[in-house]
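Heads up: the structure comes next, in structure tokens.
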Amino acid sequence: MEVCYQLPVLPLDRPVPKHVLSRRGAISFSSSSSLFGAPDPRQLSQRRGAISYDSSDQTALYIRMLDVRVRSRVGFDPEGKGSYSYLCIDFRTLHSCSDSASSLIPGPGFSSAGPVSGRRLRRLLSFQRYLHSSRLLRGTPHLNPLHILDEDYTGQAKCMLERVATWNFDIFLYDRLTNGNSLVTLTFHLLNQYGLLELFQLDMVKLWRFLVMVQEDYHSLNPYHNAVHAADVTQAMYCYLREPKLAKSLTSCDILLGLLAAATHDLDHPGVNQPFLIKTNHYLAKLYRNSSVLENHHWRSAVGLLRETGLFSHLPAEDGLKMEHQLGSLILATDISRQNEYLGKFRTHLDQDDLCLSNASHRHFILQMALKCADICNPCRPWELSKQWSEKVTEEFFHQGDIEKKHRLEVSPLCDSQSNSMANIQIGFMTYVVEPLFAEWGRFSDTRLSQTMLGHLGLNKASWGGLVQQEGSTSPEELEPSSPAFFTMPTPAVTESEPESASAAEPIAVTTATATGETNYKEIPQGSKES
């Protein structure tokens, strides 16, 4: 079989390093396999991966799994390998024996003899890749491990996950090592580490599909609000969940909701802020009546994916609906325009010393505060990481400002590149938003992690001030915005209650992604909630 001729290019979100291009080529593929001739088999589609070859030996193929999107609910036992002779295929050596694409001599480990049709081969490869992915995700040892392309990179990613609880975790490096799949792999690892898949009887394929769809629904072209930011927030949330006060009090349901909320808290973010959507009469602003527009959209988008994948479909309907509403309450808490509201409530609880984490509502409030901290923790990271995030968020702000100028709209605060600088934005953000929040979090959880975060925050703020002085401009004090309103930016809005306090008869608009990529909005009944 002839291989590696006229191969299409695998589209990637980022340039491939030169040292990789110098020794490998890659193609993308899509499969729709029919397993065992079953009348209603599992359909595998939009499977992204790569088949690469070494330029010095075009008789060897290297196959890599990037992600899987399973489109059917028909299941089978991935561990039932007794009757399948092809489970030990060594994908490194698929040697060609003729010019015919319909025959192939298997490499070592392939127990069947004789030629195999191209169609049959694709079916075998698809199932083999699925089984290998299943074992990797479940942590099941594999007696005959496959030799995957760039195994050195996946090995480094696994090593990084061993230190996922450390505050200096480099999410940018981890994203590169996972080929842009940091959100999927990190979130799955954390859920699996807590044993939540077994505890909640979550279908592994449904969960994987859900996480892949979540990652894909983040806009990779956004400099800041993208899947890497979501992965970073999820990793920070995990660090907070491990804090002693939370670790000994949170239930498994709290942990599941906290991690899912972190992963989906900015889902389908358009790269512009709420004031921009309101003043441009965007349909989302109208749909949510100018109230927590983005946060409502993130929540309803997450609910749409949960229902499309059926991740909680095995749970009682009331339990599934309750989890969706609690997920929404967590995501809505990240609305920066409500920062003072949550901070004031948090401060009051701490002053009165009346937080009782055996109380479900108090635990939920602490989860809200933890997610708020995770969402804006970039200034509390080590300088090397914090500075990268500052550059990305400033780029996104200025991009919005350029759009507003182009269409002759009033430029939003912090979005005018001519009147704002990165140092200006960061010093003000740290002063008015980050420091007050993390000071109260430090009061609640006075641990080494809290001290580390506050230490980095002080050093990073001083570093921005030092950079300003080196550039010969004004002092850091003169750079601070005159009002914290620049950062909270409250907007006129119709008051809309959170998920817990809405009427049982009030419908919720839920977004669902169609097969064509369009977004539909449909009304679903909302369950009863406590006031």
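Note: Cβ is positioned from N, Cα and C throughout, glycine not excepted.
Whatever TrEMBL says is automated annotation, not expert-curated.
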(message) For the feature region 'Disordered' as recorded in TrEMBL, pick the matching range from 17-57, 468-508.
(response) 468-508
(request) Pick out which of the recorded positions His225, His229, His265 has the most other Cβ atoms within 10 Å of its own Cβ. (result) His265
(message) By the count of other Cβ atoms within 10 Å, pick out the sparsest of the binding-site residues Asn226, Gln426.
(response) Asn226
(message) Can you give me the Cα-Cα distance between Asp375 (AMP binding site) and His265 (Zn(2+) 1 binding site) in Å, rounded to a whole number?
(response) 9
(request) For the recorded Zn(2+) 1 site, enumerate neighbouring residues of the same chain (Cβ within 8 Å of the Cβ centroid of His229, His265, Asp266, Asp375, site residues themselves excluded), in sequence order. (result) His225, Ala230, Val233, Ala262, His269, Thr334
(message) For the C-alpha pair, I'd like the distance in angstrom between His265 (Zn(2+) 1 binding site) and His229 (AMP binding site), rounded off.
(response) 10
(request) Output, ordered by sequence, the same-chain residues six or more apart from Val228 (AMP binding site) with a CB under 8 Å from its CB, or 'none'. (result) Ile171, Phe172, Asp175, Ser182, Leu183
(request) Measure the Cβ-based neighbour count of Ala227 (AMP binding site), defined as the other Cβ atoms within 10 Å of its Cβ. (result) 25
